[in-house]
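According to TrEMBL, the protein has these features:
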SIGNAL    1-33  signal peptide
DOMAIN    233-583  domain 'Peptidase S53'
ACT_SITE  GLU311  active site, charge relay system
ACT_SITE  ASP315  active site, charge relay system
ACT_SITE  SER493  active site, charge relay system
BINDING   ASP540, VAL541, GLY561, ASP563  Ca(2+) binding site
Amino acid sequence: MHRNIRTMKHKLALAVLATGLTCGLSLSVGVSATEIASNGFNVASLGAGSIAARHVPAAVANGQAPLMAKLSGDQHVKLGLNLPLRNQADLDTLLEQLQDPQSPNFHQYLSGEEFTAKFGPTEEDYNQVVAWANANGLTVTETTPNRRLVSVEGSAQSINSAFHVTMNTYQHPTEDRTFFSADREPVASSLSVPLLKVSGLDNYVRPFTHLKSNPTRAAQILPHITGSGPSNQYLPSDMRAAYYGSGPLTGAGQSIAIFSYDGYKTADIAKFYTSTGMTSNVPVNNVLVGGYSGVCDDGTGSGTGTCSDGEQILDIVNAIGMAPGISQIQFYEGSSGVAVLNKMATDNTSKIISCSWGGGDFSRASDDPIFQQMAAQGQTFLNATGDDGAYNSSTWLPPSEDSYVLEVGGTDLLTNGAGGSWASETGWATSGGGFYSASGATIPSWQQTTGVITSTNKGSTTYRNDPDISAEADFDNPTVDNGSFLTGYGGTSFAAPRIAGFIALANQQSVANGTGPLGFVNAKLYTIGLGTSYSTTFHDVTSGNNKPSKGSGTGFNAVAGYDLVTGWGSPNGANLIAALVGGTTPTPNFTLSDAPGSASVTQGANATSTISVTDSGGFTGSVALTASGLPSGVTASFSPASTTSTSTLTLTASASATTGPATVTITGTSGSLSHTTSLALTVNAAGGGGGNVLVNNVAVTGLSGATGVLSADYTFTVPAGATAATVAISGGTGDADMYVQVGAAPTLTSYSCRPYVSGNAESCTLTAGNTYHIKLNAYAAYTGVSLVGKYTAGGGGGGGNVLSNNVAVTGLSGATGVLSADYTFTVPAGATAATVAISGGTGDADMYVQNGAAPTLSSYSCRPYVTGNAESCTLTAGNTYHIKLNAYAAYSGVTLLGKYTP
């Protein structure tokens, strides 16, 4: 059975999310408020082709949205296929350790490549999704480095066929517009793995910002506003004065990313600064995602809509206002929220990300894994909780209530005059907050600590509670919208970028202290909130209510301590930064790791691995290294034996070493501290006298390997002129996968040939004139496998262009100045007394020898260069040499001989 239909290999779940429409439809792929999208769908329990999340909007399911017509079959829809993470339990543990000062992993964030290798979808799963999309009439338009998204485009007819739905248009029950949606829950019966979400099947909810104006409220508070802007409006500089003060931190070295479904006018940034008297030299760099045009046109991307960039401008200037010394603003724009979020994670260039948008294709099912990747990489994602008060079915939408997001609510601030310090604060009347059971977001560990949820704040002990922190959001703020300077605006849209700027200040200090960025800071915030320094690190907001502006419910009250209107309150300047950055002094410690994590050694040869010591908490000691669990006949040595950084582990196998897989444990000891790491070792039989080099048509037998280990490292040289060249495995038990690469060792992601079929019958066709590297990966542990490389040699003279041990090639001749007589000679590992030599004949032949590649007149490993034809080169075991003869003077009757003692 071919591997691409063998369903027992891997199971995956994926989500399909819309990234846009062509042919005039404005894509705002929505998530209905009824969607249940928990942190962890049990995908493994689903059958092939089933889909975990709900998709059909309630208005379609209950008939409130009248059916208008079928969506035209040739209407094209852009989708994104979203794969889930792997090893979730290990990731959960790591995310806790990254924020635990007592853990050796404290702030030891992963790179994007490391995250993908440990927790991202496998390459095989990703390729299966690509293949499935192509097979179902969907054109793959983009792939991503973390293997989580496959962007595709297809007709409505293809979507109908792939997911067994009918795409229709409906009349929106509460808005004067139509929307499209699937008529039923999708099923991907032709896909051999379950799906997590297909979020491109409706545009029921359009993207929207958390920016509002309220002229009545603005007029009421006008006499009391204490800002330094026009009409006493609060400027970004006022927020810095109120929440930080006049300290030295500016966010230097930090980059802040802004999420947006729409573009902006560059001139509007300049308009804001000229209208307020503020200045900034911070560059704003746009990142266009998924082919988005970058124009400001109300998010249509067509360039024909009306520009409305008040949200975009306030996001930029308020983040800069709090942290005026940041290195840049990265402004991410795209029509697919999930694609933009994933791009922010894979770029990983901004450690602080602010979002003041909702709707569109935001979905807990597809977004939460991205937020987890951000947390693992040390990125802080901040979200505005909304402007409609306490959560209910009419006011909640993702990404609110996500457990890996810093949720930011709103307050009504009063300062001590223009540009003055903080004076007082109340909860903003429409600050988003509370909990919503249908979100599926269970209460995180840091909200379960005694003292967080109380009978006074009426929070949930079952679900995630919002917000975590708050900032000024009342209708006393300015922005610029499409060329006009406007006042009297408010919303948690203002609060999120302000707190993002504050995190940039803390990151600057944390980096200067040598502990890197704060990353996912929520657990630390709650620890501070419950601690004795709470009254000096936060402004505790104890008055105000957030009754929802629509739907049911009475809202929550701001109370002492944590509440569901303002969270822990607003930042109290440098005190909160000191608590975030300082906190508990980490205990000096270290961790061990080895790279590449596995090794293969043939009897009579050796293999190496790099052991790394990573310090934490100020550890400076030297770590002594030892190895245990070695197979019989294998010895280990470290160079150096004690290290503060890295050491090379050399594993040497004797000619009689026990073959097969083994786990070698490396122990590092420094005083009372001791840690281990493990290395998967495979000892291979020397088989056929070839060691790690395959000899033509001589099989290496008895190969074995442990599950998941890429081992059995061999090379095979196919000389120029050879034909019918192949390398193949056969026999034995288990499931070995052969990886072949020309010129370099293959990896699981880089190879020239990988047959990838069930069992151990695999073969690759090779091209003459190349040296191939072969490795075997144990999909399932294998034993007794044979490996053979073979070809039909060209030419004559006792071996054609390949020298056989102690078999002379005679009668060689060449014209003056011609470099010819191209031969290769393989000296297997363990061989001794290896030489290659020419002798006899007439004239003057000069021998050129090079290891691993054909020699030239200027590139060679050995060139005796003596008069006449008596020349010899000494060779090293375990290598393949290329030999050529150059006629210094025309020669004839020359003999070439390679030999070694096995």
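Backbone N, Cα and C atoms are what each Cβ position is placed from, and that goes for glycine too.
Annotated features, which come from TrEMBL, shown on the structure.
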| residue | record | Cβ contacts under 8 Å, 6 or more apart |
| --- | --- | --- |
| GLU311 | active site, charge relay system | THR209, HIS210, LEU211, SER260, ASP262, SER356, TRP357, THR479, SER493 |
| ASP315 | active site, charge relay system | ILE258, SER260, SER354, SER356, SER493, ALA496, PRO497 |
| ASP540 | Ca(2+) binding site | TYR534, ALA560, GLY561, TRP568, GLY569 |
| VAL541 | Ca(2+) binding site | THR411, GLU425, THR426, GLY427, SER470, ALA558, ASP563, VAL565, THR566, GLY569, SER570 |
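Same-chain residues with CB within 8 A of the center of the ASP540, VAL541, GLY561, ASP563 CB atoms, the Ca(2+) site residues themselves not counted, are PHE538, THR542, ALA558, VAL559, ALA560, TYR562, THR566, GLY567, TRP568, GLY569. Predicted-model confidence for the domain 'Peptidase S53' (233-583) is 94, expressed as mean pLDDT. Take the CB of GLY561 (Ca(2+) binding site) and look out to 10 A: across all protein chains shown you find 17 other CB atoms. According to DSSP, ASP563 (Ca(2+) binding site) sits within a strand segment. When Cβ atoms from all protein chains are considered, those within 10 Å of ASP563 (Ca(2+) binding site) total 29, not counting its own.
Cβ contacts within 10 Å of SER493 (active site, charge relay system), excluding its own Cβ and spanning all protein chains shown: 29. Classification of VAL541 (Ca(2+) binding site) by DSSP places it in coil, neither helical nor stranded.
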